[in-house]
């Protein structure tokens, strides 16, 4: 089936939500070759991912992830990365600061793939154990107000795409859908996005996926952050309206 979906993409056609769901399931089950995964990621990047594709991919990720129970007031600060600016990991610093103010943060993150520093890289350099179990993460969230959810532990099936992602090096759809698949199922987030166009797509995708209040920020200088060197565009999803 994946060959048929690849052929459809090669013709410049977009996948339906169900087709995207099926493609991601094939990847996560280990049935896709590295070449097939790299081909799909490259074609999607060149054409531009649609909202239907994003929703289908995220649904598949959520269905296979190891989730943790969390209260409705938990938030996440996460970015797409891949802006090429080599800035420090702002979302991790922001998570630490706001948790000290009493906000519960389930910080979802990974090591760097298409950027210089991921949140896991930062925390490891600080001497923090990132390989915490779901039960330990849940307890930390309840007692300390901050937990780090290391993506490979909660999205174990994504290991099949790790090699192709690293080899091709550029940002892919995984940069976009990672922030949408928090294991704590956060419905409130601040998401840094490297493109306002994609911020709007992600807002619509998260609306369809049930998020309640999400801010998507994009610096006009290309940062997936609130920029201090240029104006910042903000796309807000709140109570079903964008």
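Numbers run from 1 along the shown chain.
For all residues, glycine too, the Cβ spot is worked out from N, Cα and C.
The anthranilate 1 binding site annotation in Swiss-Prot covers 79, 110. Look at residue 79 (anthranilate 1 binding site): DSSP puts it in a strand.
Secondary structure from DSSP puts residue 111 (5-phospho-alpha-D-ribose 1-diphosphate binding site) in coil. Within the same chain, residues at least six positions away from residue 111 (5-phospho-alpha-D-ribose 1-diphosphate binding site) with a Cβ under 8 Å of its Cβ are 118, 120, 121. Swiss-Prot lists 79, 82-83, 87, 89-92, 107-115, 119 with the feature 5-phospho-alpha-D-ribose 1-diphosphate binding site.
Among the features that Swiss-Prot reports, Mg(2+) 1 binding site is placed at 91, 225, with the record citing similarity to another entry. DSSP gives residue 91 (5-phospho-alpha-D-ribose 1-diphosphate binding site) a helix state. When Cβ atoms from all protein chains are considered, those within 10 Å of residue 91 (5-phospho-alpha-D-ribose 1-diphosphate binding site) total 24, not counting its own.
Residue 165 (anthranilate 2 binding site) falls within a helix when secondary structure is assigned with DSSP. Feature annotation from Swiss-Prot assigns anthranilate 2 binding site to 165; the stated evidence is similarity to another entry.
Swiss-Prot lists 224, 225 with the feature Mg(2+) 2 binding site, giving similarity to another entry as the kind of evidence.
Counting only the Cα atoms, the space from residue 91 (5-phospho-alpha-D-ribose 1-diphosphate binding site) to residue 79 (anthranilate 1 binding site) is about 7 angstrom. Same-chain residues at least 6 positions away in sequence with a Cβ under 8 Å from that of residue 79 (anthranilate 1 binding site) are, in sequence order, 90, 91, 179, 191, 192, 193, 224, 225.
Secondary structure at residue 224 (Mg(2+) 2 binding site), taken from DSSP and collapsed to helix, strand or coil, is coil. Of the recorded residues, residue 87 (5-phospho-alpha-D-ribose 1-diphosphate binding site) and residue 110 (anthranilate 1 binding site) place their C-alpha atoms 16 Å from one another.
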